[in-house]
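Everything on this sheet refers to the single structure shown next.
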Amino acid sequence: SMASPALLMRVVASAYSVAEKAATIVRNVMAAGDLGIVEKTGANDLQTKADRLVQMSICASLARKFPKVTIIGEEELPADEVTEELIEDGHCEEILKRTCPAQYTGIKEEELVIWVDPLDGTKEYTEGLLDHVTVLIGIAYGGKAIAGVINQPYYNYEAGADAVLGRTIWGVLGIGAFGFQLTEAPPGKHIIVTTRSHSSTLVNDCISALNPDSVIRVGGAGNKIIQLIEGKASAYVFASPGCKKWDTCAPEAILHAVGGKITDIHGNAFQYNKEVKHMNSAGVLAALRNYDYYASRIPNTVKQSLVP
C-alpha cells in the first residue's frame, strides 16, 4: 500500500485548492460591484470585502484541516463564525503524487507557519488593474520559506469573453515550481520592476543608481515575482519599508524553487518564524538570475537609510 503523503505535500495540495476558492471569491466580489472599501492607515492602504472574505476562507479552511499549524494573515479580523460556504475542503491530487523532499518528510504541524496575503495589490484591485492582483499562501519551516502558492484570479482577463480566467502557480524547494512557463529576462538587459503606488525619493534614487534599460511599475509583490519568473523583468528592487512577511513568503518559495534569490536591500535573508516582526523594513531585492550583479550596485546611501 502507498504510504500517506507527507504533511508538507498535504498542506501544499490543500493550499492550492484553497487559493482557487479564494480566486472565485475575489471575482464574485468584483462582479457584484460593491467592493466595501475601508481605509486602514490611508488612501494607499486599503481593505475590501474581498480581502476580508478571502482571509476568512483561507485561514478557516486550512485551520480546520491542520489545526496545529500557525496561520498569520494580513488582515486583523473579528473572530466571526465562518460560514460553511467559505470553507474549501479539496486538494490538488497532482501535488499529492509528488515525492516530498527528504529534508521535509518529518515535519510536524506545529513546526509550520503559513503566511497569508488574501489579496496582494488591493489598491490596484480597486482601480481595475486586475492583472496585478494575487492571492498569496506561503509556507515556512525553521524560519525559511519552503513552499508557496500564488493565484492570479484575473490571469487572462484581457483575452476575450471565452478565456478561462485565473491560474495557480505553486512551488516547493527541492521539487520546483509549476503552473507557468519559466523564462529568463533578455540577457544583457537590466529591466527593473518596482512599486507603483509606494514610490519615494529613496526608491527612485536606488533604481537610478542601477542604470536600468527600463523600469516597470506594477502593484503587488506576488505580481513582481511573476514578472521575474516569466522573464519580463530582470530584478525586483524596492528600497523602502512597507513590504510585509505575507507579501514575500509565497513568492520567495516559488522564486527560490527555480533558482532565483530574494533578500532585503542589504542581502539578508527574510525570516518567517511565527515570532518575527511582520514588516520587511529593509526593503526587497530579487532576481531570477544575476542577483549578485544587482546586489553589488545598491548604493551605500540607500543601505544606510534602511535599517533591518
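Numbering starts at 1 and runs along the chain as displayed.
Backbone N, Cα and C define each Cβ position, glycine as well.
Per TrEMBL, these features apply:
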BINDING   Glu74, Asp117, Leu119, Asp120, Asp247  Mg(2+) binding site
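Same-chain neighbours of the Mg(2+) site beyond Glu74, Asp117, Leu119, Asp120, Asp247, judged by a C-beta within 8 angstroms of the site's C-beta center, are, in sequence order, Asp51, Val116, Pro118, Gly121, Thr122, Thr134, Val135, Leu136, Gly220, Ala221, Gly222, Lys244, Trp246. The binding-site residues in question are Asp117, Leu119, Asp247, and the one with the fewest Cβ neighbours inside 10 Å is Asp247. The Cβ neighbour count for Glu74 (Mg(2+) binding site), using a 10 Å radius over every protein chain in view, is 22. Around Asp120 (Mg(2+) binding site), the C-beta neighbours below 8 angstroms that are at least 6 residues distant in the chain are Val133, Thr134, Val135, Leu136, Gly220, Ala221, Gly222, Asn223, Asp247.
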